[in-house]
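**Q** Starting off with a structure, shown below.
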Amino acid sequence: MPNVVVVGAQWGDEGKGRVVDWLAAQADLVARYNGGHNAGHTLVVGGKTYKLALLPSGVVRGKRGVIGNGVALDPEALLAEIGRMAELGLSVTPDNLSIAENATLVLPIHRAIDQAQERLRREPIGTTLRGIGPAYEDKVGRRGLRVGDLAEPGRLAAKLDVLVDHHNAWFRGLGLDEYSRDAMLATLVDLAPRILPFVRPVWADLNDATDRGERILFEGSQAVMLDIDWGTYPFVTSSGTVASAAAAGTGLGASKLGHVLGVTKAYATRVGGGPFLTELSDATGETLRARGQEFGVNTGRPRRCGWLDAAQLRQAVRISGIDSLALTKLDVLDGFESIELCVGYEFDGARVDHLPASLDAQSRAKPVYERFDGWRGTVKGVRERAALPRAAQDFIARVEAVAGAPVSMITTGAERDDTIVLRNPFDAAAGA
């Protein structure tokens, strides 16, 4: 199938937006399948800066966008984002955006719960406090509201009763103010006429598009190591972030997903708490942060920085079925005298090639590094792998060998054209 799934292969912020933007020009549809407005990215197109959190990146390139059922949708946040796009001259309408009728709604009460839970934790997870986790909790608890419920005010009110009663018992137990069901219902009834025109049976649309041979680009949020099952639990997000989540989160069968492209920086970053074995809390880490401008798009939070963990990358490749890698921000490594690459771990006196599952075990694991010579000058503007400095080529080759996947794309600068394409993922998906 000529489709491509883009997943983050680390802890997020790998540059997926940049890669998706490049691929979107070749796609017919771009579909979001997980997460919510807790992760964002910035695109610069035609001299205009677009900051996206819920909208699929393809709408900026004039492509049809899809928000799948796996997304936790805050209707107020979506409408605000559509409004910001309008101010930039980009019209988002039901003609170029569809929303799955069974996508979960994020409500004001979820944000309040998120904030209260984070305050109460002995060790904060580092959530963005936007209500995504509590919304997914309600989804799994079978009391969540879905986008399609907006079309049935009577049913909406009854479901909201169940949800609010459940959470108000928790608020009362903590001595916190209870939430008004009537106020939330009034807000949702007011929002419904602006959301419902976008609602479609997305699963059917995507299957029909695939049958017609159209190219679908699946745009993942967060990353493999933040997956609710496979990430560094409990310091994870609340949804599936591996490639198989694209099937569950849109309704297109797994056999139709096509090529899986994992995106990784040439170094590593992480936001919030949780294990990060190659983290650098020294001048080198500060240099990576400054050169890479490692601050959150939505939150402005500084990201933790460290050397690339190719052993972790191998784990992501195997768990998510990654066919090839996009290696981003290679230029950030310009000028380092030497570069280190984690190729495994030492754990209780033994060498292991994967990250243990438990937090206690992870705290005892130590990275095993290989050192590479750095390179002088810059890789910016280089358009072919063979034209990269020999030291950079050696580093990339070792990343491929340890991770167990070929590098198909390399970004060497901030401009869209600063991209080396070794094999187009859409061509790979089509078997070309």
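Including glycine, each Cβ sits where the backbone N, Cα and C put it.
Look at Swiss-Prot and you will find ASP13 tagged as active site, proton acceptor. The active site, proton donor annotation in Swiss-Prot covers HIS41. What Swiss-Prot records for 12-18, 40-42, ARG303, 329-331, 411-413 is GTP binding site. The annotation IMP binding site is assigned in Swiss-Prot to ASP13, GLU14, GLY15, LYS16, ASN38, ALA39, GLY40, HIS41, THR128, ARG142, GLN222, THR237, ARG301. Summarising the annotation, Swiss-Prot assigns Mg(2+) binding site to ASP13, GLY40. Positions annotated as substrate binding site by Swiss-Prot: VAL297, ASN298, THR299, GLY300, ARG301, PRO302, ARG303.
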**Q** Just to be sure I understand: of ASN38, GLY40, HIS41, THR128, GLY300, ARG301, which recorded positions have a C-alpha no more than 10 angstroms from the C-alpha of ARG18 (GTP binding site)?
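**A** Checking each Cα against ARG18 (GTP binding site), the hits are HIS41.
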**Q** Of all the recorded positions given, namely HIS41, PRO302, LEU330, which is spatially nearest to GLN222 (IMP binding site) at the Cα level?
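**A** For GLN222 (IMP binding site), the closest Cα among HIS41, PRO302, LEU330 is found at HIS41.
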**Q** Cα distance, PRO302 (substrate binding site) to GLY15 (GTP binding site), nearest Å?
**A** 16
**Q** Per DSSP, LEU330 (GTP binding site) is which: helix, strand or coil?
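**A** Helix, per DSSP.
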**Q** Anything within 10 Å of GLY40 (IMP binding site)? Look among the binding-site residues GLY300, PRO302, ARG303, LEU330, THR412, comparing CA atoms, and list what you find.
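**A** Near GLY40 (IMP binding site), where near means Cα within 10 Å, there are no binding-site residues at all.
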**Q** How many Å separate the Cα atoms of LEU330 (GTP binding site) and ARG303 (substrate binding site)?
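**A** With the alpha carbons as reference points, the distance is 17 Å.
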**Q** In Å, rounded, how far does the Cα of THR42 (GTP binding site) sit from the Cα of the residue listed as 'active site, proton acceptor'?
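**A** Given the Cα positions, THR42 (GTP binding site) is 11 Å from the residue listed as 'active site, proton acceptor'.
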**Q** Is GLN222 (IMP binding site) helix, strand or coil when read with DSSP?
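**A** In the DSSP reduction, GLN222 (IMP binding site) maps to coil.
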**Q** Using CB atoms and a 10 A radius, I'd like the single residue among the binding-site residues GLY15, GLY300, PRO302 with the highest neighbour count.
**A** GLY15
**Q** Return the count of C-beta atoms lying within 10 angstroms of the C-beta of GLY12 (GTP binding site), excluding that atom itself.
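**A** For GLY12 (GTP binding site), the count of other Cβ atoms within 10 Å is 26.
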**Q** List the Cα distance (Å, whole number) between PRO302 (substrate binding site) and ASP13 (active site, proton acceptor).
**A** 12
